[in-house]
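The next block holds one structure in the form of structure tokens; read it before the comments.
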Ligand code: HEM
């Protein structure tokens, strides 16, 4: 606080010297007094606490040095949103650790059959990995903006941290585009399999079989849990994309208030989606035996498929059987 007041006093002094403010406004308060508060200084300036100056460039906004509503937003951004983001991530990691300790790795109860079924083709895997890799870099470079100075700067030193952050910013700005392309791809490829149906209710009632060994509620290509992930990614990704583009082109945004709104939605959505994705990555890799193959080679073990997506296996096998059967005309 004392440091902030000091900076403010210096700034006001400078501004005064440059003749930016009306001298009669400053006459109401002594900026060097020990008891003076930031608020008192702003009130003394009149104009609702807005600090403005004269500029010669066309962008009139640039003449506004301080606006009280911007300061309220900066506090929301600097404290509340950063705290929510950090706790969302730490909370999810703690939950998953607990889940792992209680439940352990989810195994294929009937063991591997050795027979494979194609689950995702090359286009689906390309879309998934483009989405996944860009999202992870976007999330990490975004996280660096929030906690980089506290966590990484002391570890890396100014030079390396500066280089990393500069590249992080470039990556964040440019990888947003392939992320959006991949988002549209998965929407087109998978939306048909993610429309909620009655089977999902039963899956949810049985906790997806995740909590108890040997419980395998039926599911089609995607179970209810995956549908939640899918829609969170699609809707969250769309919100991130729209607000992100607005932040990339701030001159297109009508007012500061809109810009601050987009920024808040961007930060909140990123925090919630990152936490959800951490859970997804856990289940798709170390948390469940046989799951990674679906996005690795594209082929899963038949017993894994029967345990987690029994109705989908029937559909696929049904199709395979009807394809193998000779048609009457043949
Ligand atoms: C290293 C990171 C990741 C791994 C190991 C991984 C793994 C997987 C696997 C194995 C599947 C297929 C599940 C199945 O066969 O049913 C899958 C599906 C999916 N992944 Fe990922 N994934 C990762 C990152 C991401 C990221 C960052 C996103 C989005 C931002 C994402 C979005 C999806 C979506 C929407 C699906 C389909 C719905 C679902 O299965 O939940 N993945 N992932």
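The backbone N, Cα and C atoms fix where each Cβ goes, glycine too.
Nobody curates TrEMBL annotations by hand; they come from automatic prediction.
TrEMBL lists 1-27 with the feature signal peptide.
Beyond the transmembrane segment (84-102), the same-chain residues lying 6 or more positions past its ends with a Cβ under 8 Å from any Cβ of the stretch are 143, 146-147, 267-268, 270-272, 274-276, 278-279, 282, 287. Summarising the annotation, TrEMBL assigns transmembrane segment to 84-102 (among others).
Per TrEMBL, domain 'Cytochrome b561 bacterial/Ni-hydrogenase' is recorded for 119-295.
Beyond the transmembrane segment (126-147), the same-chain residues lying 6 or more positions past its ends with a Cβ under 8 Å from any Cβ of the stretch are 82, 85-86, 89, 120, 164-165, 168-169, 171-172, 175-176, 178-179, 181-183, 185-186, 189, 233, 237, 270, 274, 277, 295. Per TrEMBL, transmembrane segment is recorded for 126-147 (among others).
Tertiary proximity for the transmembrane segment (174-192) is limited to same-chain residues at least six positions away from its ends with a CB under 8 Å from its CB atoms, namely 123-124, 127-128, 130-131, 134-135, 137-138, 222, 230, 233-234, 237-238, 241, 244-245, 248. Annotated transmembrane segment per TrEMBL: 174-192 (among others), in sequence order.
Annotation comment: TrEMBL describes 228-249 (among others) as transmembrane segment. Beyond the ends of the transmembrane segment (228-249), by six or more residues, the same chain brings 131, 135, 173, 176, 179-180, 183, 186-187, 190-191, 194, 222, 258-259, 262-263, 265-266, 269-270, 272-273, 276-277, 280 to within a C-beta distance below 8 angstroms of the stretch.
Annotated transmembrane segment per TrEMBL: 261-283 (among others), in sequence order. Beyond the transmembrane segment (261-283), the same-chain residues lying 6 or more positions past its ends with a Cβ under 8 Å from any Cβ of the stretch are 73, 76-77, 81, 84-85, 88-89, 91-93, 95-96, 100, 106, 135, 139, 142-143, 229, 232-233, 236-237, 239-240, 242-244, 246-247, 253, 291.
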